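Feature list (source: TrEMBL):
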BINDING   Gly168, Arg169, Ser170, Ile234  NADP(+) binding site
DOMAIN    7-123  domain 'Tetrahydrofolate dehydrogenase/cyclohydrolase catalytic'
DOMAIN    142-284  domain 'Tetrahydrofolate dehydrogenase/cyclohydrolase NAD(P)-binding'
Amino acid sequence: MSATILWGKLYAEKLKSEARAKIIELSEKTGIAPGLAVIIVGGNPASQVYVRNKHKTCEEMGINSQIVALAENTGRQELIDNIEKLNNDKGIHGILLQLPLPKGLQKYENEFLYKISPVKDVDGFHPINAGRLSIGEKCMVPCTPLGCIKMMELADIPIEGKKAVIIGRSNIVGKPMANLLLARNATVTVCHSHTADLAKIAAEADILVAAVGRPNFVTADMVKSGAVVIDVGINRIAPKKITGDVDFDNVKEKAGFITPVPGGVGLLTIAMLMHNTVEAAKMQLLP
Ligand SMILES: Nc1nc(=O)c2c([nH]1)NC[C@@H]1CN(c3ccc(C(=O)N[C@@H](CCC(=O)O)C(=O)O)cc3)C=[N+]21
Ligand SMILES: [Mg+2]
């Protein structure tokens, strides 16, 4: 039997309309709209598309969007100054530093990310937010893993007691995903490049999350019949064509649920950025 395809658009629309309702409520209470600043350094074409999409979505939502476009050769201190200016800007409630940074700045990436005020950290990358997530405290949660969880919840996919296997241990996806699944009482295994018998472990998963960054990494033999397969991969195979980490055509014949790429969890990522921006604004504006 063929898997149910979890189309992101449907879920993203629902989550954006929830955020929109909160924006209306906030503006009735305070007269203020949430503000999101996205900093983009240099001319990475994929980043430019993402930033434009975020800006468009903000406009649809009634979020004030400010794009701070800095030159490829921006210096370390200049970027820090820009972050600090936004930290102190009362009209800005969320700050996102678009990654990847240009080569010359990459070695300072964590320094920049940690300069963003934790209350404005809509990516959830600040150690305060990562730490709070790991101990189950209220915090800003990274948008991609949060979107995956919201999608499963909206699709009525049970998590409690399930075996979840995550392939990938990044701070952006793998680790926060593990914490979110653990908090929902899944039994979580995190696999990575040093994992022995990865295919065997993956094949035991009720919920399999692929966040590897390699096209067709997850093949049908690595998937249990009826499993939920969440594909977080974004692999650019042509200037305007992306594909995930899962061999979709074959895996969809075996899985119970599967997310496509494009059209899957990527759309939820943007919806969750809107959600986090609204939550950040509420934290900063409401007593
Ligand atoms: N500080 C930071 N935070 C991020 O959250 C962040 C980032 N940097 N750098 C790049 C990645 C990537 N990312 C995506 C957002 C939306 C889609 C998305 O909307 N995807 C659609 C369309 C994709 C397409 O066709 O190109 C889809 O999957 O259907 C994908 C990927 C956020 N990122
Ligand atoms: Mg394929």
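Glycine too: its Cβ is placed from the backbone N, Cα and C atoms.
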Are any of the binding-site residues Gly168, Arg169, Ser170, Ile234 near ligand 1, with a Cβ under 6 Å from it, and if so which?
Ile234
Number of Cβ atoms other than its own within 10 Å, given for Gly168 (NADP(+) binding site):
24
Take the Cβ of Ser170 (NADP(+) binding site) and count every other Cβ within 10 Å, whichever protein chain it belongs to.
18
Which ones in the same chain are close to Ile234 (NADP(+) binding site), with CB under 8 Å and 6+ residues apart in sequence?
Gly213, Ile242, Gly244, Val261, Gly266
Other than its own, how many Cβ atoms are within 10 Å of the Cβ belonging to Arg169 (NADP(+) binding site)?
17
Per DSSP, what is the residue count of the domain 'Tetrahydrofolate dehydrogenase/cyclohydrolase NAD(P)-binding' (142-284) in each of helix, strand and coil?
54 helix, 29 strand, 60 coil
Find the average pLDDT over the domain 'Tetrahydrofolate dehydrogenase/cyclohydrolase catalytic' (7-123) in the predicted model and report it.
98
